Amino acid sequence: MTAISEALSGITDHQKAHVLAEALPWLQQFRDKVVVVKYGGNAMVDDALKTAFAADMAFLRTVGIQPVVVHGGGPQINAMLGKLGMTGEFKGGFRVTTPEVMDVVRMVLFGQVGRELVGLINAHGPYAVGISGEDAHLFTATKRTVMVEGKPTDIGLVGDVTTVNPEAVLDLIRAGRIPVVSTIAPDSDGVVHNINADTAAAALAEAIGAEKLVVLTDVEGLYTNWPDRDSLATEIDVDALAQLLPSLDAGMVPKMEACLRAVRGGVPTAHVIDGRVAHSVLLELFTGEGIGTMVTPGPTSPTEGVAS
């Protein structure tokens, strides 16, 4: 089954024609543009969602859009730690990474999660190539701390991306490939750090001049007053988001920080979407209403832009 057939499976031929016709303005708008997609959450553990996501990436490449995938691997890392009798701990939304945990993170991200995703995409053609933040000096990291109950807290070998050397990724894009990036990176002394995938995706999107950053999550989008489900925001600008960040649930903070960084760094829009919905990336890019929450540089008017 081709990527296009996979993406349009389950609907009639008439509906397929309507969907493709409706998508035309967005196909034109995003042709030859780079879209960075952070792959994570339930989308990377459910087999049907994994297959749908891979088809979406191949679809984008087929219609002339240039996807770059940046992936985490939280569920798989947790599973491997459990098999090895090791415990996992989170503080401030980030994994506490000891040297022993770092060995597992490195093995799982590049050797398991990345390889599986490359294989799923390449079922549609020889498109995807795996790369890690260590390769060709793609990322350089510095150790970070997080605020827990108002205090800076050490979380081990966890880093922030401080420099990006995007040439290896740009070379792959120019060759018609889909880069699949594992988020591990050395510091200036060569010590490898675990990089939050949301953080890495934002830094890469900024460095390569992406048109969009799309972050997959396990919720419908950003709730400004969780758990009030009526507080789901379809759009928020960077100033409003910056004010809201301190009050967000710890798990959402890295995702929204990533969107904030990307848009402030020149990416036109960033999006948090529900990765539990099959083909959610296509719904965001190619439908008028989009899906999830869009982060913008400033308030937008209803007539601004063609797509969300």
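Cβ from N, Cα, C; glycine included.
Cross-referencing R95, R115, R174, R229 with the substrate binding residues that Swiss-Prot gives (G73, G74, N194) picks out R95.
Highlighted in sequence order, G72, I77, T97, V105, L109, N196, A197 have their Cβ within 8 Å of the centre of the Cβ atoms of G73, G74, R95, N194, the residues recorded for substrate, and are not part of that set. Working note on the recorded sites K38, K255: by count of other C-beta atoms within 10 Å of each C-beta, K38 ranks first. The binding residues for substrate are recorded as G73, G74, R95, N194; their greatest pairwise CA distance is 11 Å.
Note: the Cα of N194 (substrate binding site) and the Cα of K255 (site 'Transition state stabilizer') are spaced 16 Å from each other.
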